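Undergrad: Let me give you the structure first, and then I'll get to my questions.
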Amino acid sequence: MGSTKFGNFEDFCRDTTLPVCNVLSETHNQDGDWGGCKLRGIALPGEDRYLGNLGSILLAGVAIFVTIYLILRSERKRAAVGRREMQVFLVGYLLVSIAEIFSVGEFPLNDQVRVVFSAIHIGAIAATTWLLFINGIVGYQLMDDGTLLSLALTIGSALAWLIGVGYIALDTGYQWTTQWQGSLEPPNRSIALYVTYLLMPLVWAVFYVVLELVLVIKVLGETRPLLFLGAAVLAFALGQIFNFVVSPYICNGTTGAIDGSLFQTFFTLLSVTLVWFFWSSITEDDWPMQVQPYP
């Protein structure tokens, strides 16, 4: 793969704001040899101090409150299939949103601290998309949902993704070992992060959609819930387009005030919310009340 761009992050970091760029930059921020439009944001008191991506920070804050509300709302759906697993997925997205404030949101943090938040952000993305895939499997009732075994497998596997991918990011940023030596230099190649942070989350999301399409159409025989699922897919796709395609044009057009990561944060929040409504639309809120026969 030496002659291909597979595994290279140089172009991505040039065009948009990603948590992985904090790991791959020698200064452990969004600045690097990749060039491109510099996201400046709002000037702060002091020399060359900026609060970048304020919009993403605020939207990530909104995402935290929305996610907590959805977790609590899920608790009321006592008879819903996969209720606990859906709550675990939402907790994963909650962690993504918290970490995003300090990674994609450019606070004037210590460089070493920023690497930690970025690693958590990267690992949480990998774990949360895995949890989405698990939620797609849960609907088929291969084992009883909400049981100790189901939750142990769900949470345990997600933690494995979080810790494993998070460690790769930390080792890459801090260079504890020579395993990913050279990733901090152009073209910033990291096959491990490219696969676990970019490719596998997309694979898990696609698998989830396919599983849910089969479940709704073939098993449940319904079509209306697909409106929520289709809207969630569209919102997710728009977020990726804004982040990876449109971002440099937004950054240059606003002289570094915002870039596509702002819209990616918004559309991801919208997509997660629509996934919840899709799940809610194919589950019961409560157990049906038994009708007492007349004496």
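For all residues, glycine too, the Cβ spot is worked out from N, Cα and C.
Just so you know, TrEMBL annotations never went through curation; they're auto-generated.
Feature table excerpt (TrEMBL):
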TRANSMEM  50-72  transmembrane segment
TRANSMEM  88-109  transmembrane segment
TRANSMEM  115-134  transmembrane segment
TRANSMEM  146-170  transmembrane segment
TRANSMEM  190-214  transmembrane segment
TRANSMEM  226-250  transmembrane segment
TRANSMEM  262-279  transmembrane segment
Undergrad: For the transmembrane segment (115-134), could you work out the same-chain residues 6 or more beyond its ends whose Cβ comes under 8 Å from its Cβ atoms?
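TA: That would be 19-20, 22-23, 28, 85, 88-89, 92-93, 95-96, 99-100, 102-104, 109, 154, 157-159, 161-167, 169-170, 173-174, 193, 196-197, 200-202, 204-205, 207-208, 211, 275.
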Undergrad: Does the structure show the transmembrane segment (262-279) and the transmembrane segment (146-170) touching, where I'm treating 3 or more Cβ pairs under 8 angstroms (sequence separation 6 or more) as a contact?
TA: no
Undergrad: In terms of Cβ proximity under 8 Å, which residues at least six beyond the ends of the transmembrane segment (190-214) contact it?
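TA: Long-range Cβ neighbours of the transmembrane segment (190-214): 1, 6-9, 20, 23-24, 122, 125-126, 129-130, 132-133, 135-137, 139-140, 161, 164-165, 168-169, 172, 180, 183, 226, 229, 233, 236, 278.
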Undergrad: Residues of the same chain, at least six outside the transmembrane segment (88-109), with any C-beta under 8 angstroms of its C-beta?
TA: 17-19, 22, 29-30, 39, 41, 44, 49-54, 56-57, 60-61, 63-64, 67-68, 70-71, 74, 117-118, 120-121, 124-125, 127-128, 131-132, 134-135, 151, 154-155, 158, 261, 265, 269, 272, 276
